[in-house]
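*Asks:* A single structure is presented below for examination.
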Amino acid sequence: MEAMAGELARLRAEREELDRRIRLLESQLEATPRSSASPAGEAIGGGGGGIGAAACPIRRRGNGFSAADGLPADMIYRYSRHLLLPDFGVEGQRKLSGSSILVVGAGGLGSPVALYLAACGVGCLGIVDGDDVELNNLHRQIIHKEAYVGLSKVKSAADACREINSSIKVVEHHHTLKPCNALEIVRNYDIVVDATDNLPTRYMISDCCVLLNKPLVSGAALGLEGQLTVYHHNGSPCYRCLFPNPPPVAACQRCSDSGVLGVVPGVIGCLQALEAIKVATDVGEPLSGRMLLFDALSARIRIVKIRGSSSVCTVCGENSAFTQDDFQEFDYENFTQSPMSDKSAPSLDLLPESDRITCKEYKRLVDNGEPHLLLDVRPAHHFQITSVSQSLNIPLSELEEKLQILETSLKETMNTSTLDKVPPLFVVCRRGNDSQLAVQLLREKGFLSAKDIIGGLQSWARDVDHDFPVY
Amino acid sequence: MHLTLEFGGGLELLLEKSIKMHKVDVQPIDGQEKVMMKGLLSWVKSNLIKERPEMFLKGDSVRPGVLVLINDCDWELCGGLDAELEEKDVVVFISTLHGVL
Ligand SMILES: [Zn+2]
């Protein structure tokens, strides 16, 4: 497998080098006989100034249209079904090819967004993401292929887009969008698509779009639900108008992470691509001032009217004093009390050292046959995925009402051993946060032998049992 | 007064059996003619919310991050807490999703 992946990567690199040389020769050829023609598409779209190294320099000839009104024959053929739409037509396609769109996040939402925007011939497509492709992304992040596991998501997504449409410009931004780089990147695009997965980044992208006056096509998907709207466009609110204060942290730091059915972000992502195309071409009524709520389970879509831009909004309001400098200094993680990436998710530290043991220490104690009880406080559907043998499952949310079961189990453990005192009670969860909350609760309730297994099953798989399934 | 209440974006987890849609009959608070949103919130808190009420309410309003929609319209456009409800109104409470990438 590894050899194949290596070979693939090598071939891709070779192909890219060839593509580069072809493009170079093409442009040289074109430049010689027809020096009078101005670069097509240059005048369209307001990508903003400052075309730096990471910018979207615009509008390769290949994709664009000649200065005269006619479209190149190959473009007419490629986009014929767009051109045949009376409401879209040549004008729509021309605007699309002159526009530049930034997709933030190459994940479940970003996958269909990037694929459709590339396929439909947007002039310049930027993709920003700092993560690598992981195997457990593939069920929903349909732009990535198995061969790219371990490689950069942006590279993977950009390659996929180029394979679909070699005539568009694809710009790779290989880093997480942050206040320190966001202005510089977003500045170069006409429209921004928020395809991210976390709260601080949502506030940040919205603020950035207000400061640079860019429409923001924002989508979210979780579990079996999705939401979609266009912020800061035609008088519609910004994210802060709608949510001036972030929600409470509660439940955010719990180990019981949420799942998502792969096709749900797919549906929302497709709709985001659609809204981005509508905004870019000025065709139809964009979803601004309205929000689409999608419930996959009941097959219901609700479109609701939301408030307009607030005159007292701290960012987009009339008297806003929020500047680009403020933006770069703003601590979004602190503001929302939640992390911008899973990887930097802070772990709780609630207990004294004496109330905790490491996975390795726990393993030693099991190997020595020391009597004890192992309590797993993950939700039942997590416990069904995998568990450590001989563990008792009581989800944290039910723990308080099920202390009796625990009491009984502890007594049984004591009776079957030679112990004359309450046996040690070890508590485990997925990542080691819920287990600390559980130990805290248990000690309050008089279970003084309760100890936390540091780092949960994730550490167990890493440090003790390498065959233990990770999810 | 008959109302349809819907909960989404995870708020349903605070209700019994995580049921999203509830057809309910709510009476105005003593001395008032109509059911107001303010009254409905406390009715929901006492009659439907089963756990972690702080994930639904903050002070006398909904917690930050919850959108309230009366007949598919943002309650901010209908008077917020003072909005008067009519027979057969549909009120939706939805938590914003941040998402799984
Ligand atoms: Zn605003």
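Numbers run from 1 along the shown chain.
Cβ from N, Cα, C; glycine included.
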*Asks:* Choose the correct range: of A:1-28, A:29-56, A:225-252, A:365-392, which one does TrEMBL annotate as coiled coil? Give that range.
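*Replies:* Going through A:1-28, A:29-56, A:225-252, A:365-392 one by one, TrEMBL flags A:1-28 as coiled coil.
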*Asks:* Which of these, A:LYS153, A:LYS155, does TrEMBL list as part of the ATP site with A:GLY108, A:ASP129, A:ASN136, A:ASN137, A:LEU138, A:HIS139, A:ARG140, A:ASP197, A:ASN198?
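*Replies:* It is A:LYS153, as the record lists it for that site.
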*Asks:* Just to be sure I understand the contacts, which recorded positions have a Cβ under 6 angstroms from any atom of ligand 1? Candidates are A:GLY108, A:ASN136, A:ARG140, A:ASP197, A:CYS238, A:CYS429.
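*Replies:* The ones that qualify, in sequence order, are A:CYS238.
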*Asks:* A 10 Å Cβ contact count, applied to the recorded positions A:LEU138, A:CYS241, A:CYS313, A:CYS316, A:CYS429: which residue has the minimum?
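*Replies:* Candidates: the recorded positions A:LEU138, A:CYS241, A:CYS313, A:CYS316, A:CYS429. Fewest Cβ atoms within 10 Å: A:LEU138.
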*Asks:* 10 Å Cβ neighbour count around A:ASN136 (ATP binding site)?
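*Replies:* Within a 10 Å radius of the Cβ of A:ASN136 (ATP binding site) lie 10 other Cβ atoms.
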*Asks:* Can you figure out which of A:ASN136, A:ASP197, A:CYS429 (the recorded positions) comes closest in space to A:CYS316 (Zn(2+) binding site), comparing Cα atoms?
*Replies:* A:ASP197
*Asks:* Between any two of A:GLY108, A:ASP129, A:ASN136, A:ASN137, A:LEU138, A:HIS139, A:ARG140, A:LYS153, A:ASP197, A:ASN198, the residues recorded as binding ATP, what is the biggest Cα to Cα distance in Å?
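*Replies:* Largest pairwise Cα separation, rounded: 19 Å.
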*Asks:* Out of A:ASN136, A:CYS238, A:CYS313, which of these binding-site residues is nearest A:CYS429 (active site, cysteine persulfide intermediate) by C-alpha distance?
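*Replies:* Closest by Cα: A:ASN136.
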*Asks:* When the Cα-Cα distance from A:CYS238 (Zn(2+) binding site) is computed for each of the binding-site residues A:GLY108, A:ASN136, A:LEU138, A:ASP197, which gives the smallest value?
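*Replies:* That would be A:ASP197, nearest by Cα distance.
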